[in-house]
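Enquirer: Okay, here's the structure, questions in a sec.
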Amino acid sequence: LVESWSFLDTVESNFRPLVVIELAKGTKEETIEWFTKRIVDKKANGGAQLLIKPLVTENGVENIYLVGASHLRLLLGAETVGLVKECNDNSMRTFTYSSRKTFKDFADDNHNFLTMAECQYIIKHELENLRAKNEKMIPGYPQAKLYPGKSIVRRLLTSGILVQIFPLHDREELKKLRHSWYGRVKVGYQPLDDIRCYFGETIALYFGFLEYFTFALIPMAVIGIPYYVFAWEDYDKYVMFATFNLLWSTVILEVWKRICAILTYRWGTLLMKRQFEEPRPGFHGVLGINPVTGREEPVYSSIKRQLRIYLVSLPFVCLCLYFSLYVMMIYFDLEQWALDYHKENESNFSSLMLYVPSIIYAVVIEIMNRIYRYAAEFLTSWENHRLESSYQNHLILKVLVFNFLNCFASLFYIAFVLFDMKLLRQSLATLLITSQILNQFAESLLPYWLQKRYNRRMKKRMCSQKTDMDLSLADQVNMEKEMGTYLGTFDDYLELFLQFGYVSLFSCVYPLAAVFAVLNNITEIYSDALKMCRVYKRPFAEPTANIGVWQLAFETMSVISVVTNCILIGMSPQVDALFPDSKMDLVLTVALVEHLLLAIKFIMAFVIPDKPRDIQMKLARLEFESLEALKQQVRAFQMQLHFLLIHR
């Protein structure tokens with residue numbers, strides 16, 4: 001590998017732009033010269049050994065640069081980041097340049113061995129690992145301090161010198177993907193392998209989960225329709241439906257783990273070794289020595305961070321929760337007003353007015369969720385977490401707690417305080433349908449309309465220009481850099497999490513919830529595909545082996561659903577009539593049934609393996625071969641050492 005680096009050329013005749021770097025207007029020439037030099041410098045000199053050239057437009061050279069890499073450089077980068085590829089014997093192994101001939105479809109002249117998403121991920125990794133050597137500051141900007149080992153790109157971003165880095169779309173591949181993905185309405189599976197090749201594993205896994213969850217909801221929807229039609233008021237008949245729901249919620253989450261393992265093994269990310277996490281770009285502190293790496297980097301007291309969390313963030317979250325409950329009580333006052341108005345007038349208009357408070361409350365919930373999200377991001381950033389994973393975990397916890405209370409508190413209050421099942425059904429239906437409509441509009445339709453307007457203006461401006469290759473590339477870059485930035489799958493998983501709550505928590509009261517969830521998810525697949533291909537910049541691929549903390553969030557929701565459904569069934573008049581003399585017997589019976597269902601749930605989770613048997617065997621085989629290879633290396637080293645000692 002070292003020899004390959006030394007012979008690697010930084011000039012390639014067929015330059016293929018993969019990544020765009022946009023610098024701030026007015027960036028000083030010495031800064032640009034220093035930064036571009038570090039990008040093209042050899043690895044031995046601390047550079048990235050990539051290719052870079054400025055984007056030439058009709059206005060001359062702007063502060064936009066195109067980054068690419070030679071085929072050899074990308075192959076060596078694939079080994080550096082630990083990409084896993086399929087071998088000729090159909091096994092999955094970590095790619096190494098020395099054993100490149102053993103991998104399927106590899107050829108020296110096959111530039112499609114690595115997908116474009118993988119190439120862009122390699123370039124992003126190399127750019128982020130450009131580190132300061134002896135520089136004390138960014139040339140031309142003495143206030144932008146550097147220290148040995150500091151990521152140059154992260155410092156440029158936090159200093160405002162670097163505006164953005166984003167991967168370019170491949171217009172031909174994107175056109176093919178759009179056609180196979182959402183270009184025509186069809187009943188079938190999504191092209192998950194094509195999505196993974198273009199957008200990477202994280203996004204492909206989200207769409208895989210969305211598709212799987214939609215199919216998993218169909219049995220609930222099919223069973224829910226006759227229950228809704230024929231057993232509307234007979235709560236005792238909902239016992240079987242609720243029991244099925246509880247077992248269903250466990251089975252689908254366990255089966256998803258197996259499907260996730262199959263997908264990520266096929267894509268190679270199940271075997272990828274976890275990269276050592278670098279500090280977040282926004283992390284700050286006094287310079288110190290990292291005890292793990294030995295490098296100089298900012299150090300921040302964990303005690304200060306804990307004080308910020310418990311003395312500021314926690315009280316703020318509690319205050320927001322209190323405000324959410326206060327708004328909920330205003331909603332119940334509106335409900336009472338609408339009910340009184342209906343009793344006085346008894347008209348069609350007054351009947352419609354009964355739904356108005358729920359609709360208003362659903363809109364207010366969505367607005368509060370979005371405002372709180374910004375506040376949670378600010379607070380979590382202010383807490384100054386060192387690692388991105390820690391930042392994400394604290395952010396997800398804050399958002400989940402607030403969203404859960406904000407969306408479901410009114411339903412719990414109606415069910416367990418007011419004991420009004422009719423109002424519970426009405427509120428559940430209104431909240432579910434209204435939130436789905438608002439999410440579709442805010443996340444897909446509105447951004448798509450705004451982006452289409454911008455593209456139309458750009459095309460009018462370009463219609464009088466020439467259409468040679470360089471100009472069309474410049475037009476593409478200028479259009480893409482103005483597109484919105486996709487902020488990740490957080491909001492998409494959150495929407496599915498809340499939907500799962502609406503379906504599972506009160507299933508025995510409103511069986512049609514699954515029907516509306518299926519209809520929403522079918523349109524969600526198409527609208528999310530549309531926004532990924534037409535609305536946002538292409539995101540960098542991010543290898544992942546599972547859906548992360550969201551798996552735990554869904555499992556927690558399914559446990560809560562066991563408790564709520566058991567209590568709801570215990571509150572029904574039919575079950576209550578079975579215990580006319582002692583309410584304590586009723587409570588004990590409900591608690592016993594709840595514990596039995598939870599026991600069955602956890603037993604099923606234990607019995608169903610997370611990975612299929614064949615994948616377990618393949619992983620065990622790879623681990624065995626790795627240990628054998630390590631033993632051979634140790635033996636070879638010992639023999640060499642023994643030989644040297646003998647011939648001293």
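The backbone N, Cα and C atoms fix where each Cβ goes, and this holds for glycine too.
TrEMBL feature annotations, pasted as is:
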DOMAIN    195-621  domain 'Anoctamin transmembrane'
TRANSMEM  212-232  transmembrane segment
TRANSMEM  309-332  transmembrane segment
TRANSMEM  352-372  transmembrane segment
TRANSMEM  395-416  transmembrane segment
TRANSMEM  496-519  transmembrane segment
TRANSMEM  586-608  transmembrane segment
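So that I understand the layout, could you describe where these features sit and how close they are to other parts?
Expert: Below 8 angstroms of C-beta separation, residues 357-358, 360-361, 364, 368, 372, 375-376, 379-380, 382-383, 394, 398, 401-402, 405-406, 409-410, 413 of the same chain, each at least six residues beyond the ends of the transmembrane segment (309-332), sit close to that stretch.
Counting only same-chain residues 6+ beyond the ends of the transmembrane segment (352-372), those with a CB under 8 A from a CB of the stretch are 320, 324, 327-328, 331, 334-335, 337-339, 341-342, 399, 402-403, 406-407, 410, 426-427, 430-431, 434-435, 438-439, 442.
Same-chain neighbours of the transmembrane segment (395-416): 313, 317, 320-321, 324-325, 328, 331-332, 361, 365, 368-369, 372-373, 376-377, 379-380, 423-424, 427-428, 431, 435, 490, 494, 497-498, 501-502, 505-506, 509, 549, 553, 564, 567-568, 571, counting only residues six or more beyond its ends whose CB sits under 8 Å from a CB of the stretch.
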